[in-house]
Amino acid sequence: MKKYKTYLYNYWDIILFFILMLTKLLTYGNKLQLNNFKYSRILYPSIASILLIIALSFIFKRKGRFIFLILFNILISITIIGDLNYFRYFKDLFSLPVLINSFQLGSVSSSVLELFNPWDLVYILDILILIPFFFVLRKKAVFCENNYKFHYKLIIIPLIIAIPIEFISFYKLSQEQPRLISTMYNKVYIAEKLGVLNYHYIDFYSSSTNFIKRKVPVSANKKEAIQNVLAQKDTSYNSSKYKGIYENKNVILIQVEALQNFVINKEINNKEITPNLNKFLKKSLYFNNYFYQIASGSTSDAEFITNNSLYPASSGAAYFLYAGNHFNSLPSKLKEKGYNTSVFHGYKETFWNRNLMYKNMNIDKFYSEKDYKIDEKIGLGLSDKCFLNETVEKMKKLKEPSFSFIITLTSHFPYDATDKYGEFDVGEYEGTLLGNYMKSIHYADEQLGVFLDKLEKENILDNSIIAIYGDHYAIPRENEKDLSNFLGKDIDELNWIELQKVPLIIHTPDEKLKGVENGYCGQIDLYPTLANLLNIKNNVMFGRDLLNSKDESVIFRNGSFTDGKVFYISPVNSYYDIKTHNKISETEELKAKKNNVVSELNSSDNILKHDLLKNNKLN
């Protein structure tokens, strides 16, 4: 009995750390609220990941060990809180490259605070108790080092337990999902299978090695793999159809903040939510199954995908990580044809690193907040009304042909400037996030209507191709109950994914191209579609021409994909039949498609990591 008391006295800090960390990791896993979550899956990997830290702690003497464990407790607790809030917003897990973007939180803090749950602070309560407790124990000489003896077995025993568990867990996952650990394309699933600590261990290793690899020239094998992926893109169509029919016309892209497809042609209390867009799409091409494909870069990812037809960065934002790269962007190619290229956005030029990124995308002029009269602010910055009114005046002075990329702002989450959106009755949704969103997007629609009317009066509309689309989702899953009620249907896993669509409306000068296109497509496809209409040649695009291709494949950054018939949802590792919504088993054909998805994402990643568009290194 005395022996056990001695062990408890000598190692109480280890025992306490183990219990606290295991409790935090298991409750954290449950808080992610994944359909596929089971405690039994992450129990042993979580134990092993904690034992690795404990093994390291034995390098130190008692006081040093306690401090070491407290520091890791703080680090893990902050990481858990960060993960939970990041997941609520992005439905993904925090990664090391995201730290590069962290200073952006200052400007979108209201969005983050809206999703913060005070119960998250439970994860730091023990720390608030343990730190004062440390100073009490220090005074009572509990950390006496006089009789302390270092034993290698104290390090070896935890490792003997942890390493086999880690090996088996990692091996099982690599067998179930080959290349998942090496590519990190589905972070949530890794955490679900290996626990959050192991996910962050892998992320740290992966991010560090990727940084080093960027300094190493790309291998011939990787180049060949990229060329093979690009060669397999759908080329079965007759590329001469519509080819160059709008060559040298002005190009106007309008990226509307948080414009989701479910509001299009919808009414609330017998009033249209987006009457102006509904009217405009009747004389345009409307793609009603157009998915956003963003990752951690949010709005900037939507810009990046649309203008480059490349996938966003696997972690962090491409606008930060690859701002020094070379790109075959849409404005770059138009500039080669004599276009004047401009971007218009009523916010800070440095936000999302736009001021640097736009230079390498060959933008002649970026009209940011400093170039506008700040007559009225709503939410983050200049109101859409003032912004769009002044943008028309600036566009009138542009040398033609011109490329204008316009990014709106007012309908930004959390949609809390309801007193400035104008009168719009949302009935039972008054005071809810969904109701506030409908008010904000109704306001944005009203301003877009005025803007389009002015373009017509100034004869700009008659000489321009206009594409209007949404950048990303508007309603977080935490608010799906109101959305389900509004749409009049239950929202299952597939329904939720199907709701992640934004409208794409393409209007042409002669209005010859109009109607509704029902095929599945995504933001990566807009550039190739416009390229054909404008007679632009670019062989490095991962999208497809929507007016010629019969393919309906859409690939998402987390490894999810659809071919228009089946939807693979990577966070739950499940396939669904789109017509029946039934879960289906993986076939060899579907497995091959999943592998092709990984290859395509890897190819895009390697182009970015090694700056392969510089001096045409792919050839």
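Each residue, glycine too, has its Cβ placed from N, Cα and C.
Taken from TrEMBL, the feature transmembrane segment applies to 12-30 (among others).
Listed as Cβ neighbours of the transmembrane segment (42-60) (distance under 8 Å, sequence separation of 6 or more from its ends, same chain) are residues 14, 17-18, 21-22, 25-26, 29, 67-69, 72, 150, 154-156, 158-159, 161-163, 165-166, 169, 191-198, 201. If you look up TrEMBL, you'll see 42-60 (among others) marked as transmembrane segment.
Within its own chain, the transmembrane segment (67-87) has Cβ neighbours under 8 Å at 13-14, 17, 20-21, 24-25, 28, 31-32, 53, 56-57, 60, 93-94, 98, 112, 115-117, 120-121, 123-124, 126-127, 130-131, 134, 188, 196-197, 200, counting only residues six or more beyond its boundaries. What TrEMBL records for 67-87 (among others) is transmembrane segment.
Annotation comment: TrEMBL describes 121-138 (among others) as transmembrane segment.
Tertiary proximity for the transmembrane segment (150-171) is limited to same-chain residues at least six positions away from its ends with a CB under 8 Å from its CB atoms, namely 44-45, 47-49, 51-52, 54-56, 58-59, 61, 181, 193-194, 198. Residues or ranges marked as transmembrane segment by TrEMBL: 150-171 (among others).
Annotation source TrEMBL lists domain 'Sulfatase N-terminal' at 249-536. Mean pLDDT for the domain 'Sulfatase N-terminal' (249-536) in the predicted structure: 96.
Look at TrEMBL and you will find E257, T299, D471, H472 tagged as Mn(2+) binding site. A C-beta separation below 8 Å, combined with a sequence spacing of at least six in one chain, links H472 (Mn(2+) binding site) to A258, Y292, I294, S298, T299, D301, A302, V502.
Taken from TrEMBL, the feature active site applies to T299.
TrEMBL lists H412 with the feature substrate binding site. A coil conformation is recorded for H412 (substrate binding site) in the three-state DSSP classification, outside any helix or strand.
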Other same-chain residues whose Cβ falls within 8 Å of the Cβ centroid of E257, T299, D471, H472, the recorded Mn(2+) site, in sequence order: Q255, V256, A258, L259, Y292, I294, S298, A302, H412, G470
Distance, H412 (substrate binding site) to E257 (Mn(2+) binding site) (CA atoms, angstrom): 6
Distance from D471 (Mn(2+) binding site) back to H412 (substrate binding site), taken between C-alpha atoms, in Å: 11
For T299 (Mn(2+) binding site), the three-state class that DSSP assigns: helix
Surrounding CB atoms that lie within 10 Å of the CB of E257 (Mn(2+) binding site), all protein chains: 23
